[in-house]
Amino acid sequence: MAYSATQSKSGYQAGVKDYRLTYYTPDYTPKDTDVLACFRVTPQPGVPPEEAGAAVAAESSTGTWTTVWTDLLTDLDRYKGRCYDIEPVPGEDNQYFCFVAYPLDLFEEGSVTNMLTSIVGNVFGFKALKALRLEDVRIPVAYLKTFQGPPHGIQVERDKLNKYGRPLLGCTIKPKLGLSAKNYGRAVYEALRGGLDFTKDDENINSQPFQRWRDRYLFVMEAVHKAQAETGEIKGHYLNVTAPTCEEMFKRAEFAKELGAPIIMHDYLTAGFTANTSLAKWCRDNGILLHIHRAMHAVIDRQKNHGIHFRVLAKCLRMSGGDHLHSGTVVGKLEGDRAITMGFVDLMRENYVEADRSRGIFFTQDWASMPGVMPVASGGIHVWHMPALVEIFGDDSVLQFGGGTLGHPWGNAPGATANRVALEACIQARNEGRDLAREGNDIIREAAKWSPELAAACELWKEIKFEFKAVDTL
């Protein structure tokens with residue numbers, strides 16, 4: 001029986017619902033305009049997967065635990081989420097992929113905040129579920145067209161920088177905390193003069209007592225302009241404008257613009273999607289590139305059976321707006337299986353991506369010509385990784401070496417030069433038809449013969465490896 005025996009004089013039955021009767025609809029064919037979601041569901045013992053999947057659909061759309069008389073005032077069948085398919089997760093006990101379709105009318109136009117509030121806002125605390133993970137979403141073109149997306153995109157960025165045919169090189173200034181503004185600017189100048197395209201604030205450098213944001217901006221932009229004049233190349237530094245309030249964030253962004261900064265930075269998860277979308281629109285209006293850091297992502301996406309997969313967070317960022325997004329390295333110190341990583345990298349920068357379960361892509365995604373986001377590979381990488389990084393990420397990426405630049409035994413500028421020489425050698429070898437995956441080490445050794453900076457870097461980091469099995473696998 002779907003409800004308790006309690007009868008109501010108002011024409012409905014009160015009591016606890018059996019979600020399967022309303023929200024499990026295996027005969028439903030999703031519409032082109034539906035938002036689709038794939039959840040990895042681990043039901044509590046004794047809860048059938050159909051009930052668990054239906055509960056997810058209900059609690060993330062129109063459902064509540066009991067029947068209420070106001071149900072009679074609307075067309076619930078039009079607005080409800082529907083669990084239309086359930087598959088057991090291969091190799092796992094009591095885990096299921098539950099596919100849910102949501103009508104487009106459930107979501108506010110142009111609001112990632114509202115979309116996530118609906119789909120994942122409340123259901124993750126549901127008692128009938130032992131664990132729940134949002135693996136993927138399909139955003140219909142009709143909904144995508146309500147979002148601006150990235151402020152500029154990959155091609156516009158290349159045109160602004162006048163740099164083509166290779167990945168861009170970056171460096172995070174270290175130590176991330178504790179430097180005075182003047183010493184921080186000095187490190188920026190040396191790295192840019194040595195051959196890098198960008199330097200970067202780390203995610204947690206905002207405006208602390210040892211270095212207030214205005215002082216940092218002034219010294220950093222002095223360094224950028226000086227390095228630019230000396231090298232003849234366009235340079236930039238990701239000035240972090242993340243702030244306690246949106247008003248303060250825009251104040252910092254405006255000051256960066258006044259100083260001639262070509263790019264600013266934002267921590268999109270800790271600051272929130274509302275702030276990020278607002279900043280992305282400001283960046284488009286003001287012609288400034290937007291670098292996005294994913295600080296806090298692993299709190300949300302690291303566990304295999306609970307949370308939100310990063311491919312969903314990456315899709316949300318593309319909709320909310322950002323020109324760069326950190327994506328892991330595959331070969332460095334941070335978590336990342338190659339197939340899974342390249343799956344969400346393609347979702348960041350390609351216009352049309354086919355479903356491919358081997359890469360964790362559950363739905364075909366048409367981005368409807370929305371500009372792409374450039375993936376940023378950073379975290380524990382050095383010159384020996386360069387061939388693999390170029391082979392894995394291709395030209396439309398930023399390769400960011402923090403310790404791999406500033407840890408050079410001769411200093412920041414030689415560290416930057418070593419990375420630039422290694423990159424140029426790999427690009428030339430690739431363009432000549434050489435196999436970077438097979439001949440990468442030989443290519444680096446050959447280049448090191450005529451670059452003492454690269455030779456010193458090769459000697460320093462020849463034994464450094466991060467060999468841990470990736471957690472993020474299907």
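Counting begins at 1 with the first residue displayed.
Placement of Cβ uses the backbone N, Cα and C atoms for every residue, glycine included.
Swiss-Prot has this to say about the protein:
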ACT_SITE  K174  active site, proton acceptor
ACT_SITE  H293  active site, proton acceptor
BINDING   N122, T172, K176, R294, H326, S378  substrate binding site
BINDING   K200, D202, E203  Mg(2+) binding site
MOD_RES   K200  N6-carboxylysine
SITE      K333  site 'Transition state stabilizer'
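Taking Cβ-Cβ distances under 8 Å and a sequence gap of 6 or more within the same chain, the neighbours of K200 (Mg(2+) binding site) are G170, C171, T172, I173, H237, Y238, M265, H291, Q400.
Closest in space to H326 (substrate binding site), of the recorded positions given as K174, D202, E203, H293, is H293, taking the CA atom of each residue.
Every protein chain shown contributes to the tally, and the Cβ of H326 (substrate binding site) ends up with 23 other Cβ atoms within 10 Å. Fewest other C-beta atoms within 10 angstroms, among the binding-site residues N122, T172, S378, are seen around N122.
Comparing local CB density within 10 A for the recorded positions K174, K176, H293, the maximum falls on H293. Neighbours of H293 (active site, proton acceptor) among the recorded positions N122, K174, K176, E203, defined as a Cα within 10 Å of its Cα, are E203. Sequence-distant neighbours of D202 (Mg(2+) binding site): residues of the same chain at least 6 apart with a C-beta under 8 Å from its C-beta are T172, I173, K174, K176, L177, N240, G402. Between the CA atoms of R294 (substrate binding site) and E203 (Mg(2+) binding site) there is a gap of 8 Å, rounded to the nearest whole number. With a 10 A radius on its CB, E203 (Mg(2+) binding site) counts 20 other CB atoms from all the protein chains. Annotation note: D202 (Mg(2+) binding site) sits in a coil segment as assigned by DSSP. The two recorded residues S378 (substrate binding site) and E203 (Mg(2+) binding site) have their Cα atoms spaced 13 Å from each other.
Counting in whole angstrom, N122 (substrate binding site) lies 28 from E203 (Mg(2+) binding site) by their C-alpha atoms.
All protein chains shown were included, and the count of other CB atoms within 10 Å of the CB of R294 (substrate binding site) stands at 23. A strand conformation is recorded for T172 (substrate binding site) in the three-state DSSP classification. Listed in chain order, the residues near the Mg(2+) site other than K200, D202, E203 are T172, I173, K176, D201, N204, I205, Y238, N240, M265, H293, each with its Cβ within 8 Å of the site Cβ centroid. Residues N122, T172, K176, R294, H326, S378, recorded as contacting substrate, have a largest CA-CA distance of 36 Å.
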